[in-house]
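In TrEMBL this protein carries:
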- 12-32: transmembrane segment (TRANSMEM)
- 81-100: transmembrane segment (TRANSMEM)
- 112-132: transmembrane segment (TRANSMEM)
- 152-172: transmembrane segment (TRANSMEM)
- 179-198: transmembrane segment (TRANSMEM)
- 218-238: transmembrane segment (TRANSMEM)
- 250-271: transmembrane segment (TRANSMEM)
- 277-298: transmembrane segment (TRANSMEM)
- 351-377: region 'Disordered' (REGION)
- 352-367: compositional bias 'Polar residues' (COMPBIAS)
- 368-377: compositional bias 'Basic and acidic residues' (COMPBIAS)
Amino acid sequence: LASVERRETDNLIGTLLALFGNLLVSISLCIQKYSHVSLAGTKDQRAFFFTKTWWFGFLFTCIGEGANFVSYAFAPLAVVAPLNAVSVLASSILGFIFIREKSKARDFAKENVLTFLGYVLTTGGTYLLVAFGPNSHEELIAENVVTHLVSWPVLLYLSLEIVTFCLLLYFYKRRNADYLLVILLLVALLGSLTVITVKAVSSMLVLTIKGNMQLDYPIFSVMFVCMVASVVYQARFLSQACKLHDSSMIASLNYILSTFFAVVAGAVFYMEFKNDNALHICMFLLGTAICFLGVFCITKNKRKPKNFEPYVTMNMANGVPTIHDKGRAAQQDFNGSFSYGALVNDTAAPASLQSEQQPGDFSSTESSRQKADSKDD
């Protein structure tokens, strides 16, 4: 009974640390964004890292990521990893607060109904996965980490993951398959290794602080090196994805893939679902799927700025180019003019241009100009 109470207490501590860390990271990102925007709107030539606001946000980032790191030592991977949805939810809400767009209540609700639906789904899914998440948690001393690492399910899982990663990397580097799904699968596969090593390193550090020295075991150094390497390469692939694809799609798809592989890694490596019944597992999977849908709705509703896409009409009679807005009706009469760009009738043939003109034929030219002027009026 004491062990069950202790396990529940550890899970509660880990869950609260993960919620606090993700919320603090969202606040820090908004603060740093405010610092960049404030500098861009003034004549201040200082770099962003010379402002107090940016360093204040950076401090919040360090505290939030530290809380996330420690949460892995107390709660299962399957509970901590999906809670990154809280960061997406909080960032979106803070964005509404800071933007403060002036619009009618009906228009505002109509434009953001998908986002509000995402809020409800993410909140409900988070409750389900926390309430029905795995309750198994063990103290990961160095001997336990080695035991998990050399078990045949883990070796099989790591072998499949390495083969898949190498194949994806080959197609990405050699075949130029720079699709978003390929890049984010590489990130997610690295992410599963990251969460495995983070949980091991965090648990051994917490045990060392409590007085049970774990840092002198070789497995700690191995896990620490793998953790740092996987984080660095994750950041590189994410940076390449941001250069090639839309950020909203990256946010939603990366959360879905990374969470899926993190849950699988926790189930295989640390056997987190071995003591749960089928009902708890199904409710947990339902909550995770609802979180996926909620994050997708939140990121899908990001409005893109409307770019000005004009079409240009060159009036050959006057020789003056005219730029029209795409929203206005295009000129239907193509006599004496040709157009390119957004046309109503793309199949109309351009008028032929006379390369030579008889000398003295100024009257016909003048009459054609008068006709064109009257037609324009």
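Positions of Cβ are set from backbone N, Cα and C atoms, glycine also.
Any TrEMBL annotation is an automated prediction that lacks curation.
Touching of the transmembrane segment (250-271) and the transmembrane segment (179-198) is concluded from the presence of at least three CB pairs under 8 A, sequence neighbours closer than 6 excluded. Beyond its flanks by at least six residues, the transmembrane segment (179-198) meets 69, 72, 77, 80-81, 161, 164-165, 168-169, 171-172, 223-224, 226-227, 230-231, 233-234, 237-238, 240-241, 244-245, 249-250, 253-254, 257-258, 260-262, 264-266, 269-270 of its own chain at Cβ-Cβ distances under 8 Å. Pairs of Cβ atoms less than 8 Å apart link the transmembrane segment (81-100) most often to 12-32, out of 12-32, 112-132, 277-298. Contact count against the transmembrane segment (277-298) (Cβ pairs under 8 Å) is highest for 112-132, out of 12-32, 112-132, 218-238. Long-range neighbours of the transmembrane segment (218-238) within the same chain, counting only residues 6 or more positions beyond its ends whose Cβ lies under 8 Å from a Cβ of the stretch, are 142, 145-146, 149, 183-184, 186-187, 190-191, 193-194, 197-198, 200-201, 204, 250, 254. Same-chain neighbours of the transmembrane segment (112-132): 15, 78-79, 82-83, 85-86, 88-89, 92-93, 96, 279-281, 283-284, 286-301, counting only residues six or more beyond its ends whose CB sits under 8 Å from a CB of the stretch.
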